[in-house]
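Engineer: Structure below; questions to follow.
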């Protein structure tokens, strides 16, 4: 698969389970050395910390000081990727491939100063071309960066994927390969829907929706970055030889969009909570003020439903959040309520899940939504909230019926 | 003990066992916070990796590639100190002390390019004064450095002690405190000589001899650096409150030299091998050529005895080495022998030890050597080789009699 892009670099990212032990690291080094032997020289490898290592380091800092500043967490945690870099470089040398390790500061992966959730601002790639010129393979620490003041940062969840895609963009790479412990992006979670199939090609937009809606293979952030710069992302299984079983995420052209399947996947997000604020005065400023407070607290609000209350001249507002944000959200609502004269009623419902149908072809098939509702109602699955966009339909349902709903929707739209 | 030096910085180094677990790190942070509360602000903390961590990382690299280039070892191993820095900084914050962590590259500890045994060339301390200005305590990774090309290096055995003393020199500190798991430098190893006492004050010269001759508390390299720049080194136990039980190593003035005890310590080095080369032609160039070859191989030759052979017109050369260098030394001798026409006879004797008596006062007491021999011969201890200098007498003896010899010499010279 490398022949057509011989002149452009390739970035290969290996995640925590892929570098989880000595044998796995050796396996990867063997693969890379074979590619180098096949004549492909401009490979850049990005590695995560060995699985479990980041948690061990976070645990150590937490044991010492649960309120340690994020900069100290970042300093501790980034050691994990540094070790992986050294091990991968050593494994490559054992295969006869000269390797050069790079931490974020050694390469120059500059981020902003938001410790533990930093964003990459700039990557200096010149050193990599020098390294390739000398016939060496660079191995780069993912997940970490450095501020312009020289402080170590980390990129937050999905950080190593983001490092890899950002590096691919900076290098104008042919593509960015995300090597992981699954074969790619499936039409549904195979543990829930046994008939789930691998998507061989996906448009960025669909992949982004699936990542946002609960597919755990890729983080939305890295897909977003790929989409922004049209950098193809190949998701593949580190330990499968067969290179055709993988998902390529790319920008579809018009023809491809036309021919895209109506539905590409069914996703499932559990632990959804519905908040309800009833008997609100019909004042739009009250609503926007509330959502500003919620956003400032870092709570991700998903579906919002806003309509008339049963009470005359009043409104009812519903929105969904993740269960981990419930405490924070209740506090905000309580404080907000104090400033509202009409005493709105606040309620919440736990034990919900969100099932979504995603696909580029839905734009031209308006019947998808109604078929979706029909499929769920046939199974006596009650829909609590609905949200639609051009390429997805999300339904909040009871968590107990989540698996059944995903299976039913997959059967209706995706089973062959 | 800080009152007299309030205006000058102090460097405190904590070794691997001192930062070996969460509770120990918390204990140290408490001590530092108390010192800060007492008004002492300019403290710089240097930490080693948690005990066992360096070996774990070396083991991982070794499992992947026993012949991995030293630069990859250094990259892996230096992660250990980085974690200790983050943990110590977090512990200080828990005690209400603002801390700032520094890896070698963040501070600017520049070394040469000899990976795994690098030497410090320069330390940029300006950042530390800025940190103190802001009321923060700097925590610095020991053992590691960075080359001018930006590659991570490590300093080899005793590296963190060397980092600390070098930093103290660069800062013009009042003194460098080496916090460890023993109370200081004893007159002998207390496990061998139960009567061993703590030396409260020692001259650099004596401390250097003792470190070179087998006292394991300090590495010769760090004492050498302290001696060169007259930077006092205080060796103390991390976990003892009492600050008067410790050893201060410093430059004695003339008065102190006069009053120095005749003997400061008895040291013991095991695993000594005596090499003998007999029937050599009396050609000095042959001998110097041999020792050049040995030095190039990194073998440390200790005592050298060179005198007439039993055979007429021939010489006998004896020298002692450590057992770990035996294989290498035999190879060198074998190769060297091929170039000597007279076919010298090569022999070696294992199972030896070196017992030494060290003290500044010996310079003015010529009777120490003869008393030494008398004490050993009284115990029927046979002396295989002897080496003397102005401040030490070393005798190579049978390893089986080593403890007895150390006890006897301590009793004769040091028991009160």
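Heads up, the Cβ atoms here are built off N, Cα and C, so glycines get one too.
Features from TrEMBL:
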type	residues	note
BINDING	A:13, A:14, A:15, A:16, A:180, A:181, A:191, A:216, A:217	ATP binding site
BINDING	A:54, A:81	substrate binding site
DOMAIN	A:357-416	domain 'ACT'
Engineer: If you draw a 10 Å sphere on the Cβ of residue A:13 (ATP binding site), how many other Cβ atoms land inside?
Structural biologist: 28
Engineer: Tell me whether residue A:217 (ATP binding site) sits in a helix, a strand or coil according to DSSP.
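Structural biologist: DSSP call for residue A:217 (ATP binding site): coil, neither helix nor strand.
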Engineer: Going by DSSP, how much of the domain 'ACT' (A:357-416) is helix, how much is strand and how much is coil, in residues?
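Structural biologist: Counts, helix then strand then coil: 32 helix, 14 strand, 14 coil.
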Engineer: Could you give the Cα-Cα distance between residue A:54 (substrate binding site) and residue A:15 (ATP binding site), in whole Å?
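Structural biologist: It is 12 Å, counting Cα to Cα.
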Engineer: What's the CA to CA span in angstrom from residue A:217 (ATP binding site) over to residue A:81 (substrate binding site)?
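Structural biologist: Their Cα atoms are separated by 20 Å.
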Engineer: Reduced to three states, what secondary structure does DSSP give residue A:81 (substrate binding site)?
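Structural biologist: Note: residue A:81 (substrate binding site) is helical by DSSP.
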Engineer: Are there any residues in the same chain, six or more apart in sequence, whose C-beta is under 8 angstroms from the C-beta of residue A:180 (ATP binding site), and if so which?
Structural biologist: A:15, A:17, A:18, A:217, A:235, A:236, A:237, A:238
Engineer: For residue A:180 (ATP binding site), what is the secondary structure by DSSP, using just helix, strand and coil?
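Structural biologist: In three-state terms, residue A:180 (ATP binding site) counts as strand.
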Engineer: Give the helix, strand or coil assignment DSSP yields for residue A:191 (ATP binding site).
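Structural biologist: Assignment for residue A:191 (ATP binding site) reads coil.
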Engineer: Fewest other CB within 10 angstroms, which one of the binding-site residues A:15, A:54, A:191, A:217?
Structural biologist: A:191
Engineer: For residue A:191 (ATP binding site) and residue A:81 (substrate binding site), determine the Cα separation and express it in whole Å.
Structural biologist: 30
Engineer: So if I measure Cβ to Cβ from residue A:81 (substrate binding site) and keep only same-chain residues at least 6 apart in sequence, which ones fall under 8 Å?
Structural biologist: A:47, A:48, A:49, A:103, A:141, A:142, A:143, A:144, A:160
